[in-house]
Amino acid sequence: MDSQDIRYRGGDDRDAATTAMAETERKSADDNKGKRDQKRAMAKRGLKSLTVAVAAPVLVTLFATYFLGTSDGYGNRAKSSSWIPPLWLLHTTCLASSGLMGLAAWLVWVDGGFHKKPNALYLYLAQFLLCLVWDPVTFRVGSGVAGLAVWLGQSAALFGCYKAFNEISPVAGNLVKPCLAWAAFVAAVNVKLAVA
């Protein structure tokens, strides 16, 4: 009879342990579902902010290019040299550069970099505004020298962005590198346009 009591008590403990484990697993599954829902909601917010961060600079650049557009003088000056790209390629690459800078700025923002280093935000805004001003000054007004001055300021702000972004997020810093290369090429185009 003692052995029956032991088995019975063991079975009762086993049932209680099984019930407790099942309850723990259920709570864990509920917690995981809640965490999964939280992560999904956070990912949706992140995707929305990424879309805005990339699309806004591209759309503003497109707007400035279209409405503040260019005059016919670029075509005449560009024909004087074979290495100067056509205007549509110049504008398309400026749009891509704006998108890359928007993505880099978003990566810095996600890491809280604009709070840690507010100068990074000021440099980003300065390079973006100077990029917007460059097209009308160089092409609409037709001043190659003033355009070169604006572009050199934009390039300096871009280099400052590279240094600041690279300290916060190396990936963001690497995204600025193609923009720096493009800025150097456009500076060379500006010199040619200023001389021509």
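The backbone N, Cα and C atoms fix where each Cβ goes, glycine too.
Under the heading region 'Disordered', Swiss-Prot lists 1-40. The compositional bias 'Basic and acidic residues' annotation in Swiss-Prot covers 1-16, 23-35. Summarising the annotation, Swiss-Prot assigns transmembrane segment to 47-69, 88-108, 120-139, 142-165, 174-196.
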Candidates 47-69, 88-108, 174-196; stretch with most C-beta pairs under 8 Å toward the transmembrane segment (142-165): 174-196
Chain residues in Cβ proximity to the transmembrane segment (88-108) (below 8 Å; excluding those fewer than six residues from its ends, i.e. six or more beyond): 49-50, 53-58, 60-62, 65, 114, 120-121, 124, 127-128, 131, 135, 158, 161, 164-165, 168-169, 171-173, 175-176, 178-179, 182-183, 186, 189
Cβ contacts under 8 Å made by the transmembrane segment (120-139) with residues that lie 6+ beyond its boundaries: 57, 60-61, 64-65, 68-71, 73-74, 87, 91, 94, 97-98, 101, 105, 108, 113-114, 146-147, 150-151, 153-154, 157-158, 160-161, 164-165, 168, 190, 193
Surrounding residues of the transmembrane segment (174-196) on its own chain - C-beta under 8 Å, 6+ positions past either end: 74, 77-78, 80-81, 84-85, 90, 93-94, 97, 100-101, 103-104, 107, 138, 144-145, 147-148, 151-152, 154-155, 158-159, 161-162, 165-166
